[in-house]
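> First the structure, then my questions, so here it is.
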């Protein structure tokens, strides 16, 4: 039974009656199966949209969408068209709140507006979003029919997020830089402007194929048409052809991908109305700032994003009013009404939200005496344990742990000296000094072919000349090997696991300063402290840190050397492998080591460190694997811009005429497409560095690997499901042309 109360919401939408339903009949099947469910608001009620028409939106309407993952976890989106009435948008907001209630308050909620949808939303529709004129009020219905009496023109925009907008059926709507779809029912024509590039044609064909297969049930014929070779059917539909307008540059959108600055506010209804108070003026934030008893707004309005975080113990009024509080906040701040809103329960935080925190950790959380769930349940990437014996066959593991193999290949190391590369004595392989730069060439076999990686290690105390020379010498070495090696730039202290594994059983030792060149060694400090930690792939690194007790960590092993003592300190959570590595470090430093267990330190130990101080004593939380993110760098619009690929990306999202950035959280890959132009190739590394350096979570100096199309290592391909090494042997556009001509 449907229970309806008629309520007038004062001050919000005085002019209409809101339907508050205890449980709408449509909710009965909501979220029961993984996948997408879509409803349109019709006469203040919910009407399901047929699956074959998902991705079609009337600009005069409002919609409610629910996406359910395998976990299951839920994402609720309300979508508002440009011509939608206030009544319908208000009803969509109420239905979204009720659906959230029905699903126990656990879903992530999004407010979407036409042309400003979130990447999460756009990711559901890999073959594009289609905007159609009209709506319920005009009598337009979402019905899948075999009706061939269609006549419309769609303008296709976007290289990553594809949008098809219905425009006037006239030659005046065309331009030379874009693709258009002339949909005549039984015949669908994809028209490509003379200045339209290959990747845009490929994306437009996805929209055309989707119309043919889903809207016409495969009964329409698709034809590709080039500007200047239009068949008579087009002039019959559009009239005599007039001159086509030149390409128009995309709207000059501010590139916000690297400008994510936020402020954090606590919201409260203690005074009877929602009020916000500043917690932190600018990111990065600390996770501890979020109290479970409160609700918060993370204000990233400069990038048209507002997040509301609902504490699990916050009062019910605040939790239920989260979306309304965000809309009120947008008005108070004078932000655009196109600003995206995400409402997040504890445990359902999106990557976009978490990146504003420098220390975000995902861990298990109990929500009640018997109901436990994983906070990382939204993430689609599962943690894969490390097993060196299966490295070559398990690409997902290779990718997550950054390991192309077990590190037992051939290693050659050079130090940068006076603009040249000088071989390092193999007996000192594994010793790296902060005043130096090094080139490490690693060679291994994969699938019967020899592969190469060039690591360029840059010390934090090396000179500007050595930095420049290391970059130049890397390119020179790469060129001498035919451009096939993968290049990885490594900043001191940010060594990837694979580099750490090259020294077989010995830890990689990082000295804070000094140099290994003959006669150039600077005198090391009288007191030295080395921090020893094993990575998830079991490679170990010993890094010299400031000799202070505040640098100790209960999870690790430390070696402390003073003029008259040598200590090996073992934290409670440290591993036997870390203790074994400490013996190598102690042997290198010289002297007889005293083993010290945490909590049983002699007075002499603390005095060498300048006294006892607070240090990290919490057991390390196992980080969930953060979902990777893929970006395209393109100057097809006349300037170099960066756009994120929405949804679960695939190999076909790698545009061969662009440079792509893959962010796997602890490493950045620059993938260079064969047809990328010079500006994209030279600009991408700069963008990658700026992207990392301006990250709101405070990440800095990550390893950046440059990879060429066709020479991808498993550390890269493992992030893509079902990677096909032969995919680019034939042109995907040619395949589509052949299939449409058949």
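Glycine is treated like the rest: Cβ placed from N, Cα and C.
Straight out of TrEMBL:
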- 47-121: domain 'Gelsolin-like' (DOMAIN)
- 162-234: domain 'Gelsolin-like' (DOMAIN)
- 277-353: domain 'Gelsolin-like' (DOMAIN)
- 420-500: domain 'Gelsolin-like' (DOMAIN)
- 540-583: domain 'Gelsolin-like' (DOMAIN)
- 642-716: domain 'Gelsolin-like' (DOMAIN)
- 229-256: region 'Disordered' (REGION)
> Count the CB pairs under 8 A between the domain 'Gelsolin-like' (420-500) and each of 47-121, 162-234, 277-353, 642-716, then give me the winner.
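It is 642-716 that shares the most Cβ pairs under 8 Å with the domain 'Gelsolin-like' (420-500).
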> Averaged over the domain 'Gelsolin-like' (540-583), what pLDDT does the predicted model reach?
90
> Summarise the domain 'Gelsolin-like' (277-353) by DSSP state, stating how many residues are helix, strand and coil.
26 helix, 23 strand, 28 coil
